[in-house]
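Undergrad: One structure follows; several queries about it will come next.
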Amino acid sequence: MALVHVPLWAVCMLRVALATVYFQEEFLDGEHWRNRWVQSTNDSQIGHFRLSSGKFYGHKEKDKGLQTTQNGRFYAISARFKPFSNKGKTLVIQYTVKHEQKMDCGGGYIKVFPADVDQKNLNGKSQYYIMFGPDICGFDIRKVHVILHFKNQYHSNKKSIRCKVDGFTHLYALILRPDLTYEVKIDGQSIESGGIEYDWNLTSLKKMEKTSAESKDWEQVEDSKSQDWEKHFLDASASKPSDWNSELDGDWQAPMLQKPPYQDGLKPEGIDKDIWLHQKMKNTNYLTEYDLSEFENIGAIGLELWQVRSGTIFDNFLITDDEEYAENFGKATWGETKGPEREMDAIQAKEEVKKAREEDEQDLLMGRFGGQENIFQRFHKRDEL
């Protein structure tokens, strides 16, 4: 059989076709972003966003994103998309963030909300499913939050995941898999991974859930006594025969007796104590009921945070079920502009150094001329005397 050679571009296109993209935002259509994103009006002091690529960038248009503009403000803005459930599927949440102002204290994280979130009233008390991204405040707090909403509570990853603290654009990605594993990536590199039930301290809750489930099963067994049933029990009155030879006959066991039907208000005669052989029914569903990373009604993404100094730029938002698509999207966006961004920053830094040196030299020259002028004035006054 002849081998069929499939072009690489065809394989890539097939992969894209198989991926489900729930949300993707690059802000490439100018001010039309305001038609998709809703600013919260919960408080008159909430800060405003603008579309900007910042003071330095890799590409002036491609690097434009939502930038915070006011110091010492809360920010709350969100965008909706068609609701979906990630049950049984991989969930990838990815975006870029750039702390151009060299963040001293403030958030750079995003939140994923249920579809019924009140966008106009978005605030710190609005329920969310996932909170993910960097948070910086002084030298003590420089971490990546990964918070999941489960059983009406928020649970944080117990591992300390360090974030980037420089002024360049960085790519953050969170992957939640249906096998209850997760991965956190920064700039395409895996920096943390593991099991959700362990890294979120949920094993204790899992044990409580399991115990509760088994208790319910036992209660159901007890309740079933109101119906006719038949059980077997050991004959407690029986004793080992005198001619029983353990070596020849093996270990002796009491004979089994069949219990008569048991009905409400009736008790079988001659039975004072039963030795039951059946075991408690094990509930095997508590694991599937324990949806540690499954969310039924995902429908919005947003920024709800506080910043002391503004200037952060958020861009290249993506929510998908395909890890490879997310990786390729990151390479096509952040991957293409990260190098030119650093080059532009380096050029600007050299220009600033050059300008500062010229200003220093100018001040020095002015000081010299100023000194000679003072000497001339001093001699001139002496001649007048």
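Heads up, the Cβ atoms here are built off N, Cα and C, so glycines get one too.
Any TrEMBL annotation is an automated prediction that lacks curation.
Sharing the feature lines straight out of TrEMBL:
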BINDING   Tyr109, Lys111, Tyr128, Asp135, Glu304  alpha-D-glucoside binding site
DISULFID  Cys105-Cys137  disulfide bond
SIGNAL    1-19  signal peptide
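Could you place the listed features in the three-dimensional structure?
TA: Taking Cβ-Cβ distances under 8 Å and a sequence gap of 6 or more within the same chain, the neighbours of Asp135 (alpha-D-glucoside binding site) are Gly106, Gly107, Gly108, Tyr109, Ile141, Arg142, Lys143, Val144, His145, Cys163.
Taking the Cβ of Cys105 (disulfide bond) as centre and 10 Å as the limit, one finds 14 other Cβ atoms among all the protein chains shown.
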Undergrad: Can you list the residues of the same chain, besides Tyr109, Lys111, Tyr128, Asp135, Glu304, whose Cβ falls within 8 Å of the alpha-D-glucoside site's Cβ centroid?
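TA: Filtered neighbour residues, in order: Gly107, Ile110, Met131, Phe132, Gly133, His145, Ile147, Gly302, Leu303, Leu305.
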Undergrad: I want to check the contact list for Tyr128 (alpha-D-glucoside binding site): same chain, sequence separation of six or more, C-beta distance under 8 angstroms. What comes out?
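TA: The list for Tyr128 (alpha-D-glucoside binding site) reads Lys111, Val112, Phe113, Pro114, Val117, His149, Glu304, given in order along the sequence.
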Undergrad: Taking the Cβ of Cys137 (disulfide bond) as reference, which residues of that chain separated by at least 6 in sequence fall under 8 Å from it?
TA: Asp104, Cys105, Gly106
Undergrad: Could you state, as a whole number of Å, the largest distance between Cα atoms of any two of Tyr109, Lys111, Tyr128, Asp135, Glu304, the listed alpha-D-glucoside binders?
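TA: The alpha-D-glucoside-binding residues span at most 17 Å between Cα atoms.
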Undergrad: Would you mind checking how many other C-beta atoms are within 10 angstroms of the C-beta on Lys111 (alpha-D-glucoside binding site)?
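TA: Excluding its own Cβ, Lys111 (alpha-D-glucoside binding site) sees 26 Cβ atoms within 10 Å.
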